[in-house]
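Undergrad: This is the structure, below, for whatever I ask next.
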Amino acid sequence: MHFSVRLSLFLTLASSLPLVSAVPQHEDQAYTFSSSGRSATTDTDPALDVRQETLRTPSAWTRLRDSLVESVWGLPQRSEGCESRPRNRAKTVSRAPATLQARYGEDVVLRFTIKNQEEVKALVEASNILFLDVWGSHDDWVDIRLSRDVIPSLLGLLPPSLQTSHVPLIRDLAQTIYESYPKAGSAPPSQQGPTTRRFSPSASTSKSKPHEAKNIFFQDYQPLSVLLPWMRLLVSMFSSHTTLISVGTTAEGRDIPALRVGVHPTNNAQQAPRRRTIVISGGTHAREWISVSTVSYIAYSFITGYGKSKSITKLLEQFDYVFIPTVNPDGYAYTFSTDRLWRKNRQQTSLSFCPGIDLDHSWGYEWDGNATRSNPCSESYAGDQPFEAVEAREIASWARNEVTVNNVHFVAFVDLHSYSQQILYPYGHSCAHLPANLENLEELGAGLAKAIRKSSRENYDVKAACRGIVASCTGDKDADEPVTSSALERTAGSALDWFFHDLDVRFSYQIKLRDRGSYGFLLPREHIVPTGKEIYRAMVAMGKFLVSPHVLEEDIDGLRASEEPQDYDNDLEDGEDDKDEQDSTVFRAQADDLQS
């Protein structure tokens, strides 16, 4: 617009300014003025008049004037000086609701540093006396959750060396739990009002990078109501090599869903040979959300990698993989709806107010429930007899049926847990019994740890499960029976030992995932994809070892120590990134169709 026209408009506006006060205001906003210029209601605070004037809705004329000025001269550009800088505002953090405060408000998590066998024994005895929730442990530390008012009682039962060797790991447990819930609902539905959440790949913005599209599901922890439709969607899209199966029914009547992934020969002229099968499970303990997400990530990577990754294609031609994201659907659902730190299943016990059996202590081999038989309230309650836990009994029955009826040969079993970053092999019930293939277990375990380290530079320790709790705390690492016979976390009656001994699965492992830091079971969502990637790499390494054991060391040693951590896309052939992007687009489109 020409300058003379702008000047003319400006003069017109300027001449009209005295008329602004004459423009009628809304009756609710009318003001009367005294001769002094003050409001007629002189008994009010002058500052209140200023605030009221500031908050008044602009008149029609004022809005017209402002819009005309902006259309002619545009909005003023902020200078780069100090006045243009945004004000520093305190970051607002939503506080945990009252229901969470009531349940966890007085709880903390303490980390005790342990140095010798005597300290371990003292901590074991004290935790049993006070019925404490032992979160996790490693070679030189143990994490315990307890109420603040119980701390003096605990310290009173410990030797002086332990009374000063602890630090708070989580100071505000209620707030930390609140922040761990998915962003779409930062607390369980019972604590935040009704919400509707479902899997929606199309929810990503159009600006998302192509390789990010496939990780939409893994941007947060997903409840059971999202996990199940996601599994069905994968099967509908990749039906050539993926099947949705049920490996049992829970105590509350839910299916235990699993994905069977593999490419079977099409020639049925001869009877198919025994199908070698690898089982990867998670979610045995309900609160270990990262294990559920990691199994899902590995399943997704194998399913979508077929035909694009030479390694994955070969493995799926050689093996069937059975992915069980959550062995404990009832407990997992309960952690989203009611109690984030629930560990056991939801089965009724002899005490109606203490439901639940620890699924990883309920298996039949070397079951030892005598220590907790009289206390169903214990976090490690193993039931009154072997296989009393419904889910453990159902999965064991499914596995036996696969072997005897469906001509399946289980060659590996991997049970994912959290936390402490350990790769554990049999036996867990006792260090006095050594596996016949101990050397092979150690070799493959070391290979898995090396694959993880090359992928993400994270260190995972490899050891027998019986030593996985306090291996260096016995004073003698070569002792036949370290202080785990009455350990902080009992390992008798585990799925690890049952699959290895009773089902003769020669390569059985329990992997405790991230981290070793300050999060415990409340690992932030930002760790979902990195954890999934590193364990995916380990599972690829396991498959290669089972195909040809000598390949594993060559494969891993071929990676230079200076290499950057590898990404899934690096395993694709040239030109397949575009195909992956197309698959992601189709995946989102079909997801929308499925929901509609």
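Glycine is treated like the rest: Cβ placed from N, Cα and C.
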Undergrad: Hey, Swiss-Prot has Zn(2+) bound by H285, E288. Any idea which of H166, H409, H417 it lists too?
TA: H417
Undergrad: If you measure from the C-alpha of H285 (Zn(2+) binding site), which of the recorded positions R343, H361, N370, Y419 fall inside 10 Å?
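TA: Near H285 (Zn(2+) binding site) by Cα: R343.
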Undergrad: Taking the recorded Zn(2+) site as H285, E288, H417, identify the other residues of that chain whose CB atom sits within 8 Å of the mean position of the site's CB atoms, giving them in sequence order.
TA: G282, G283, T284, A286, R287, S291, R343, D360, L416, S418, F521
Undergrad: I need the CA-to-CA distance for H361 (substrate binding site) versus N370 (N-linked glycosylation site), whole Å please.
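TA: Cα-Cα distance, H361 (substrate binding site) to N370 (N-linked glycosylation site): 11 Å.
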Undergrad: Whole-number Å distance between the CA of R287 (substrate binding site) and the CA of H417 (Zn(2+) binding site)?
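TA: The separation of the Cα atoms works out to 10 Å.
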Undergrad: Between E288 (Zn(2+) binding site) and R343 (substrate binding site), how far is it from one CA atom to the other, in Å?
TA: 8
